[in-house]
Amino acid sequence: MDAATLTYDTLRFAEFEDFPETSEPVWILGRKYSIFTEKDEILSDVASRLWFTYRRNFPAIGGTGPTSDTGWGCMLRCGQMIFAQALVCRHLGRDWRWTQRKRQPDSYFSVLNAFLDRKDSYYSIHQIAQMGVGEGKSIGQWYGPNTVAQVLKKLAVFDTWSSLAVHIAMDNTVVMEEIRRLCRASLPCAGAAALSMESERHCNGLPAGAEVTNRPLAWRPLVLLIPLRLGLTDINEAYVETLKHCFMMPQSLGVIGGKPNSAHYFIGYVGEELIYLDPHTTQPAVELTDSCFIPDESFHCQHPPCRMGIGELDPSIAVGFFCKTEEDFNDWCQQVKKLSQLGGALPMFELVEQQPSHLACQDVLNLSLDSSDVERLERFFDSEDEDFEILSL
């Protein structure tokens with residue numbers, strides 16, 4: 001059966017390969033586990049990640065566009081997953097765990113609400129597909145890791161509840177000075193704050209925007225996305241150990257990538273295998289109940305996660321990290337510097353204090369949107385307007 005057309009029921013009851021019996025540790029987004037003594041903890045950690053897959057029968061994108069993303073939306077779903085992990089860390093903490101049929105905090109439903117397949121959800125498939133037009137991608141066209149990262153950065157401006165500083169490190173270079181300036185800056189756009197308040201929807205007893213505040217933060221939580229190419233057609237073996245160490249960092253958000261035209265969200269590794277969540281199954285779109293409750297079981301992977309050999313990974317990836325505080329960022333920088341001391345391993349990217357002279361700095365802090373942009377986004381978020389325009393920011 002084609003993986004792209006699997007149903008959720010098929011997925012739940014199919015045979016899944018269990019973890020190998022090995023003494024090697026299992027690493028999941030900065031957490032270390034033993035397969036012999038902590039198997040339940042591993043599965044609980046995996047099940048607590050938000051799992052976004054293909055969906056069908058959602059409202060048409062653009063009013064007349066696709067009602068399913070089967071066959072083209074896998075990288076968009078992976079982008080949602082890595083960004084959702086950032087929001088979970090931001091609002092719930094890395095140690096939060098989801099349990100079936102157990103009441104969850106209101107902030108959990110606010111996070112989930114931001115990714116529902118509706119055009120007025122901040123990071124919905126509708127928003128990503130429409131905003132991707134500005135990155136040169138037609139609706140229904142397959143994305144690469146860099147494109148989805150750029151789109152999510154633009155959409156995050158309007159999520160004033162989370163107040164994230166999103167930085168995409170280009171040219172394999174992370175500039176610490178740029179990130180500190182970005183994270184110490186106040187909210188970038190008053191129009192975005194107003195738009196956020198207008199687009200709130202009360203679900204699960206809490207507005208989707210939850211307590212939006214204009215109080216400046218000393219450090220806006222950082223989402224750092226680093227698009228990389230780790231080889232020409234196959235991953236260079238010299239990067240493998242460095243890639244593994246990225247999953248060991250407590251700031252890890254994982255990796256988006258996969259195989260050509262088949263994206264996955266990688267959350268860890270065991271031995272020489274990567275552990276990932278697979279978006280290639282089609283589930284019905286989730287609709288809010290009359291009481292605005294979100295049925296959430298299909299957003300959690302309740303079976304052993306998929307695995308693939310590291311050597312099978314396509315070399316085009318994006319690595320993600322989340323630093324809630326400046327101390328988290330400083331700690332991350334120290335860990336990255338230690339990676340350069342790994343014998344026989346190549347660093348995947350360069351960490352520098354200031355922008356190298358040979359790299360042009362283009363609008364690192366230019367996150368604000370002009371008035372015409374805000375007007376287009378207001379139209380985009382207006383649930384009464386079924387014929388809104390495609391955005392190009």
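First residue shown is number 1, and so on along the chain.
Backbone N, Cα and C define each Cβ position, glycine as well.
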Correct range for motif 'LIR' (source Swiss-Prot, candidates 148-151, 216-219, 264-267, 388-391):
388-391
Looking only at the motif 'LIR' (388-391), report the model's average pLDDT.
32
What is the interatomic distance between the Cα atoms of C74 (active site, nucleophile) and D278 (active site), given in whole Å?
8
Integer Å distance between the CA atoms belonging to C301 (S-nitrosocysteine) and C292 (S-nitrosocysteine):
23
If you measure C301 (S-nitrosocysteine) to D278 (active site) at Cα, how many Å is it?
9
Given the recorded positions C74, C292, and counting only Cβ atoms in the protein chains shown, which has the most within 10 Å of its Cβ?
C74
Could you say whether, by DSSP, H280 (active site) belongs to a helix, a strand or a coil region?
coil
What count of other C-beta atoms do you get within 10 angstroms of the C-beta of C301 (S-nitrosocysteine), across all chains shown?
22
